[in-house]
Amino acid sequence: MTELLTSAQMRAIEAAAIASGEVTGLDLMERAGRGVVEAIFEAWPELAANRGGAAPAPPGYLGNEEEGGGSFRAVVLCGPGNNGGDGFVVARLLAERSWEVEVFLYGNPENLPPDARVNYERWRALGEVNPLSGRSIDIRRHAGAVIIDALFGTGLSRPLEGAAVDVQRFLLGLKGRSAARKALVAVDCPSGLCLDSGLPIQKGAGAAGMYVPAADLTVTFQRRKLGHVIGQGPLYCGRVAVVDIGLDKAVRDAAEGRSADAIDPIAARAFAREVARPNTSGGAYYSAPGAVGLRKRVDLHKYHQGHALVLSGGPGRGGAARLAARGALRIGAGLVTLVVPHDAVAETAARVDAIMIREADDAAALLDDDRVNAVCVGPGFGLDPRAVSLLEAVLDSKKRVVLDADALTMVGAQRHLRAKLHGGCVLTPHEGEFARLSPQAAKKLKTTAKSGPAYSKVDATREVAAEFGCTVVFKGADTVIAHAAGLCSVHSAHHDRAAPWLATAGSGDVLAGFIAGLLARGFAPMQAAETAAWLHVECALKFGPGLIAEDLPEQLPAVFRDLGL
Ligand SMILES: NC(=O)C1=CN([C@@H]2O[C@H](COP(=O)(O)OP(=O)(O)OC[C@H]3O[C@@H](n4cnc5c(N)ncnc54)[C@H](O)[C@@H]3O)[C@@H](O)[C@H]2O)[C@@H](O)CC1
Ligand SMILES: [K+]
């Protein structure tokens, strides 16, 4: 798990590091610019060929063809703040490697903040700075160039205007004509994108994302920001490289609440974390939540691995619950029982073997049984009065429960059910279900952001988790998981974890079953949700294209083997 920072958190961490005397702003800017250059060479090794990166470059000239190349070209677009400052560093470092570098500045050099100003002057010793305008960048002259977007980073607070918009349009015009430019590299983020939400900051609705050209590579510093992994961020950012600028300790101190006064306010707000490979060590034992991991202890029999109930709908509607039950069993619950209405028993019995079946009339007795320690309710469940009273009984039992699909619809519509939610509940809405749970939060999320930081999926998920007092898993390619107390994780299924074929009927039912199975095994709700979200994508990646929901639980054995279980 690594921290995902907001812009304010990053600023405070930088400020605290500078205030501590450990580092100066100029050092950080130099490391940032150097990191961008190194990330470019890592992404396109052929670009590192100029001078082989070895000989110190003589300053004061550009594009010396005789000095071993000099044919690489960069256009650096610098903005009015420290993001622009990073751009001047990049320009200098590339020029020192004999690149032809052309630099444009949006704004008045007199108004640059001090560190950016220093780097502006250092660049001026090497080359010119042109005022930025849409026309100033000639598409033909810059064919084949690497374009560095250093206009705005974490400081973006309002929509782009004037020449900045012209330039964005120009860059967008290049889209699809890959021969025209070598690459678009964004410093910290593609300018116009809000790094707290992954949403473009823009003037009007309808123009969604119009002025944020998608980068091929985004180079950010120390940690990914939320905007890199949620909303439209992953689409705009391209590949994201994270460069160490020496603030690792400062980030960890802040996240763990060890910081000096300057960072206290952010330590109080929980840091968001990125969901990573789950912990596989330790025993999972349902009576001892906390000491958990995916590895099963050899000395425990099936009752010690928990017993999950999955509530099913009526005849012809049990497929979703069966998928969830299969998921719960495969992920390691010791026992899984499908609870089905009387008239659906025969149909269900014809479809399952290792999963037990009980009639819905027995639900009360099952919910009274202490060995039953997790419930999954919602997939294919129905919305009729029988469903409502069963859901009520489940919530009254205070057992850990995953609420999905129809259960979310009922909770969204009925206040008295909502009042029964508790800390052991995990809600797993997709976008439509989320809007039923909280129309206000969904509306805010859909409103065009005219100023930064924009309201984000993390804000929305945290808000609903706090309001309902439970864990909320807001699904999507960016899955956000929030705990009532504010703890929050993001699982971003993009780039090397992109699994678009997960968007298939029943895949959410399997996820609900995975979470229920892990709850049965003794995982705490937040941990069950994080681990299930990771494994769900892992199963999809393992199977690949052509996946249908039934395939997901069947990939778990191979995934577990890969984890060394
Ligand atoms: N502070 C530091 O020590 C470091 C900062 N770094 C860089 O600095 C960036 C943040 O710098 P800044 O805080 O100066 O912010 P930016 O450079 O992102 O933005 C500059 C300024 O532009 C103004 N602005 C915002 N939206 C605008 C708009 N639409 N049109 C015109 N002006 C607008 C704001 O006043 C903002 O302060 C990071 O993204 C990163 O690239 C890195 O160099 C690492 C070290
Ligand atoms: K930028």
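Any Cβ shown, glycine's included, is placed from N, Cα and C.
Record check, TrEMBL: K(+) site residues include N83, D149, and the candidate from S20, S191, S197 also listed there is S191. Within G508, G513, G517, the residue that TrEMBL lists together with K475, G476, A477, D478, T479 for binding AMP is G508.
Only D149, S191, in sequence order, out of the binding-site residues D149, S191, D478 have a CB under 6 Å from ligand 2.
Listed in sequence order, the binding-site residues among N83, S191, K475 whose CB lies under 6 angstroms from an atom of ligand 1 come out as N83. Sequence-distant neighbours of N83 (K(+) binding site) (same chain, six or more apart, CB under 8 Å from its CB) are A150, L151, F152, G153, T154, G155, V187, D188, S191, listed in sequence order.
For the pair D478 (AMP binding site) and S157 ((6S)-NADPHX binding site), the C-alpha distance works out to 24 angstrom. The binding-site residues recorded for this entry are D149, K475, G476, G508, and the Cα of D149 lies nearest to that of G85 ((6S)-NADPHX binding site). A distance of 28 Å separates the Cα atom of T479 (AMP binding site) from that of D149 (K(+) binding site). Non-local neighbourhood of A477 (AMP binding site): P234, S492, A493, H494, A498, P500, each in the same chain, at least six residues away, with C-beta under 8 Å from its C-beta.
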